[in-house]
Number of protein chains: 2
Amino acid sequence: MVNQKRTVFYLSDRTGITAETLGHSLLTQFDGIEWNTINVPFLDDIEKAHNVTRQINEIAECEDHKPLVFSTLLNPEFLEIIKQANCRVFDFFEAFICPIEEELRLPFARMAGRSHGLQHHLSYFKRIAAINYVLAHDDGVNPKSFEEADIVLIGVSRSGKTPTCLYLGLQYGIAAANYPLTQDDMQVMQLPKVLQSARAKLFGLTLSAAQLHFIRQERRPNSTYASLAQCQHEIQWQESLFRQYNIPHLDTTRISIEEISATILNRCGLRRQLYG
Amino acid sequence: MVNQKRTVFYLSDRTGITAETLGHSLLTQFDGIEWNTINVPFLDDIEKAHNVTRQINEIAECEDHKPLVFSTLLNPEFLEIIKQANCRVFDFFEAFICPIEEELRLPFARMAGRSHGLQHHLSYFKRIAAINYVLAHDDGVNPKSFEEADIVLIGVSRSGKTPTCLYLGLQYGIAAANYPLTQDDMQVMQLPKVLQSARAKLFGLTLSAAQLHFIRQERRPNSTYASLAQCQHEIQWQESLFRQYNIPHLDTTRISIEEISATILNRCGLRRQLYG
């Protein structure tokens, strides 16, 4: 139920990812508001600051509510200009930098683009290598080089292996392979041979048969492949397999790619380094 | 130059992505510190809270410095326990929620998992569809369905098209295709035919010849493909092509995938909705 319409601005000297991530997590805690979101990344000259100020004032007048402004602006001059507008500014650096400076006994650098920029070439190349690894080891391709994998996700078709591997590679630099469990494997209650040497790296993705049915219907409507009976059969089979071989696994029915990935890293004790 | 070694904890009821994004953007503003990072996602029972408290106290004693703690904990009881430890706590919600409640005249929901959880099924399916689109339209595959693309990235081999498309799909739900410019195209100073109907969606990625040479050397050392002369030739050619056809383009030599993606969205006026 929508009770209010409000506008939120995300202002940043660079990508705006930090401002948006932080503002989004605050605003999702409030129900009943329809948000009009305006992103202003790369706010790097005074004219842009004045333009945004005008836009804020126009919206404030039109909506009869102050827009909320989440800022990671590092340029104090631009931030001052924005603060003159008819809005409520939440500045992330202002809120935290002083007590951190005090604790570390160091001044902060006030350099834009450090959080999502190219600070560390080596770890950046590790990330690109991880993405390439994921693409080269999707859907059971190249199982011979699973020994280089950090993790190998397994599960039946459409259980969410590929998006999760991509997220692990892109956001965390994890070399994530995946291997589909198929009809052929189901003939025998046995782990596919090619996975046996990667036993310690296996992680299973499962979900409710109803959800799997829904997802497969989108792909191949009214096929045997998508039928609820087939989905029930495959899910039952794979969950028995996971238990039989003591493979850690996760029910992904109600959780997002971010939650699946964070859970896998946590349960497998993989070192995480957030890039995004 | 490293002057201090310090420990930072990221505590969260759920994925920890918000806590880590916040802390990372603040801490990258301080030079000369080597950080020992400890992530504690899914801090969802009192025993875990006590364990973390013990761990913080041990490190504080051992390092002779208070660890920094960035928290997005929504459970006030757990947060109180952590605050008893010998550390400096920066609580994200505490810092901002009160003034936002006041401005919106609404209480906050105090529900964990809203930011990176599965709140909106429809937009989530749009995101998965975008990822599938990216995978099905990588490296010039299926150019006939470029009409469904939000954007089509073009550039020579190893210019960063694939990681950028994946990021656009995963993080923003953008249907991003890419098409490689090759030797065959270089014979004629002309846009490949298959791209002509997608003219309005084209965006070029370029980089310095030296960087391209470096990247290709990793892939095929000492090949003609990787030689500096070949890289110079290809970059020169593609930049002329971009200018000739007035195709917006970006030099990615010194910028990250996040910055490339944010710039593309900004310059092409694509609506952005951050998922990650």
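Any Cβ shown, glycine's included, is placed from N, Cα and C.
What TrEMBL says about this protein:
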type	residues	note
BINDING	B:Gly155, B:Val156, B:Ser157, B:Arg158, B:Ser159, B:Gly160, B:Lys161, B:Thr162	ADP binding site
Among the binding-site residues B:Val156, B:Arg158, B:Ser159, B:Thr162, which sit with their Cβ under 8 Å from a Cβ of chain A?
B:Thr162
Can you check what DSSP calls B:Arg158 (ADP binding site), collapsed to helix, strand or coil?
coil
Could you tally the C-beta atoms, other than its own, that fall within 10 angstroms of the C-beta of B:Gly155 (ADP binding site)?
26
Determine which residues of the same chain, besides B:Gly155, B:Val156, B:Ser157, B:Arg158, B:Ser159, B:Gly160, B:Lys161, B:Thr162, have their CB within 8 A of the center of the CB atoms at the recorded ADP site, and list them by sequence.
B:Asn178, B:Pro180, B:Leu205
Among the binding-site residues B:Arg158, B:Lys161, whose Cβ has the fewest other Cβ atoms within 10 Å?
B:Arg158
Cβ-Cβ under 8 Å from B:Thr162 (ADP binding site), same chain, 6 or more residues apart: which ones?
B:Asp138, B:Asp139, B:Asn178
So for B:Gly160 (ADP binding site), how many other CB atoms are inside 10 Å of its CB?
23
Which one of these binding-site residues, B:Ser157, B:Ser159, has the sparsest Cβ neighbourhood, judged by other Cβ atoms within 10 angstroms?
B:Ser157
